[in-house]
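Lifted from Swiss-Prot, the feature list:
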SIGNAL    1-16  signal peptide
DISULFID  Cys42-Cys131  disulfide bond
BINDING   Tyr43, Gly45, Gly47, Asp64  Ca(2+) binding site
DISULFID  Cys44-Cys60  disulfide bond
DISULFID  Cys59-Cys111  disulfide bond
ACT_SITE  His63  active site
DISULFID  Cys65-Cys138  disulfide bond
DISULFID  Cys66-Cys104  disulfide bond
DISULFID  Cys73-Cys97  disulfide bond
DISULFID  Cys91-Cys102  disulfide bond
ACT_SITE  Asp105  active site
Amino acid sequence: MRTLWIVAVCLIGVEGNLFQFAEMIVKMTGKEAVHSYAIYGCYCGWGGQGKPQDATDRCCFVHDCCYGTVNDCNPKMATYSYSFENGDIVCGDNNLCLKTVCECDRAAAICLGQNVNTYDKNYENYAISHCTEESEQC
């Protein structure tokens with residue numbers, strides 16, 4: 001299932017939220033988003049289960065929780081307005097649903113940037129079958 005996220009990002013091209021989120025990640029972490037975060041830990045990528053493995057994975061867990069609060073639009077496909085100003089991400093949509101999705105992505109990208117030093121190559125391409133501990137609540 002998580003491999004579908006990679007395919008979706010590639011197929012979306014310059015359209016859609018996943019591309020926008022990937023662009024935010026690159027800006028905030030300096031890492032290539034798909035290679036570094038599409039299949040990382042228990043939560044970075046499509047879906048998620050178990051306990052986040054480190055602070056980087058926790059950013060993705062919180063992002064999943066944030067997407068869970070979104071109503072009235074598909075957070076993985078919604079296209080929103082945003083810009084980069086003075087090293088920060090600024091969400092600029094008037095539509096509440098799109099602004100919420102943008103803010104979820106913004107917070108996750110900032111979190112990943114703040115925790116880039118916790119990134120552990122051992123969690124790249126991490127098998128979801130290792131994510132067996134009980135998940136915490138959002």
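Cβ coordinates come from backbone N, Cα and C, glycine included.
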* Would you mind ranking the recorded positions Asp64, Asp105 by how many other Cβ atoms sit within 10 Å of each Cβ and giving me the lowest? => Asp64
* Find the shortest Cα-Cα separation between Cys131 (disulfide bond) and the recorded positions Tyr43, His63, Asp64, and name the residue that gives it. => Tyr43
* Relative to the Cα of Cys66 (disulfide bond), which of the recorded positions Tyr43, Gly45, Gly47, Asp105 has the closest Cα? -> Asp105
* Asked: C-alpha of Cys73 (disulfide bond) to C-alpha of Tyr43 (Ca(2+) binding site): distance in Å?
  -> 21
* How big is the gap, in Å, between the Cα of Cys60 (disulfide bond) and that of Asp105 (active site), rounded to a whole number? -> 10
* To do: Please report the number of other Cβ atoms within 10 Å of the Cβ of Cys111 (disulfide bond).
  => 19
* Asked: Far apart in sequence but close in space: which same-chain residues, 6 or more away, have a Cβ under 8 Å from Cys138 (disulfide bond)?
  -> Asp64, Cys65, Gly68
* Structure fact -> For Cys44 (disulfide bond), the spatially nearest of the disulfide-bonded residues Cys59, Cys104, Cys111, using Cα atoms, is Cys59
* Asked: Looking at the disulfide-bonded residues Cys42, Cys44, Cys66, Cys91, Cys97, which sits with the largest number of other Cβ atoms within 10 Å of its Cβ?
  -> Cys44
* Asked: In which DSSP state, out of helix, strand and coil, do we find Gly47 (Ca(2+) binding site)?
  -> coil
* To do: Would you mind ranking the disulfide-bonded residues Cys73, Cys104 by how many other Cβ atoms sit within 10 Å of each Cβ and giving me the lowest?
  => Cys73
